[in-house]
């Protein structure tokens, strides 16, 4: 959204040669592998070493837990301080404009920073779970987002997963995170502005209009997995609801199961094709309290970014990205990759 990408296949010999040099990638990792770490506080039986629990799945303490949502022990934002005051609405063209414009001022670091422990087992990755297990993780995300939505100071919740040290994961145990912020991040505003521009020109939602079979990886009853046109990163994947939906946290069990199955498959494909690369995935939802007039172009999606290259000076200086793999080539490779064995 709103950025230029330079496609330069000369920077890699062949798309199939672009693999992670992950030193920890090991065919023996996964269910049954002898990899639990005695010092890992996310493992079952070490709950007392973690920050306070928010909720667990299942909720019955008499049963073993499968998912735990806890506070982050080292939060980027703090829930125990006074929220910043709400900005005074400005009047623009006779209408109240409540969104604060960026400026050179500081506010208190209020917010929520939570961790979702996706499994009690140290040797299980998210895509090792069954579709129902991934569904339950997604439903735990949605449940926590709904809780944070009730706080009057929280304007946006970013759900994300870092896999691998170079992707920002400080713990090897499979987990994801979410931050509830008292502001709408600039990249979210920029994305919505780009969506609005397409809608104003065409009368259609930009994500609903994606029809190209060349960039399609897989399709299910409720979701499509694609390599986006103008992908900023090699083998980047977007999973998009086929129905126009603005808010991730409104997902129901049937859609969560469908998404869980597709997300599992996409992560398996990336792991198999790219040698278990470090990656990030982010759920791009719509800010709370967005005007109903904006909802026709606000469409949530999940983005997966394998970390296969280093961001250099050109990217940092220009805001443009260099991608050595054309989206059509990446989609074809992933589409044809069989993960059934």
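Including glycine, each Cβ sits where the backbone N, Cα and C put it.
Annotation source TrEMBL lists region 'Disordered' at 1-36 (among others).
Positions annotated as domain 'Galactose-1-phosphate uridyl transferase N-terminal' by TrEMBL: 2-185.
For residue 43 (Zn(2+) binding site), the count of additional Cβ atoms within 10 Å of its Cβ stands at 19 [all protein chains shown]. According to TrEMBL, the feature Zn(2+) binding site maps to 40, 43, 122, 173.
If you look up TrEMBL, you'll see 80-102 (among others) marked as region 'Disordered'.
Here TrEMBL flags 90-101 as compositional bias 'Acidic residues'.
Annotation for residue 175 (active site, tele-UMP-histidine intermediate): spatial neighbours 42, 115, 116, 117, 118, 161, criterion Cβ-Cβ under 8 Å with sequence separation of six or more. Positions annotated as active site, tele-UMP-histidine intermediate by TrEMBL: 175.
Set side by side, the binding-site residues 122, 173 differ in how many other CB atoms lie within 10 angstroms of their CB, and the most is found at 173. Long-range Cβ proximity for residue 40 (Zn(2+) binding site), meaning a same-chain Cβ under 8 A and a gap of 6 or more residues, is found for 46, 122, 171, 172, 173.
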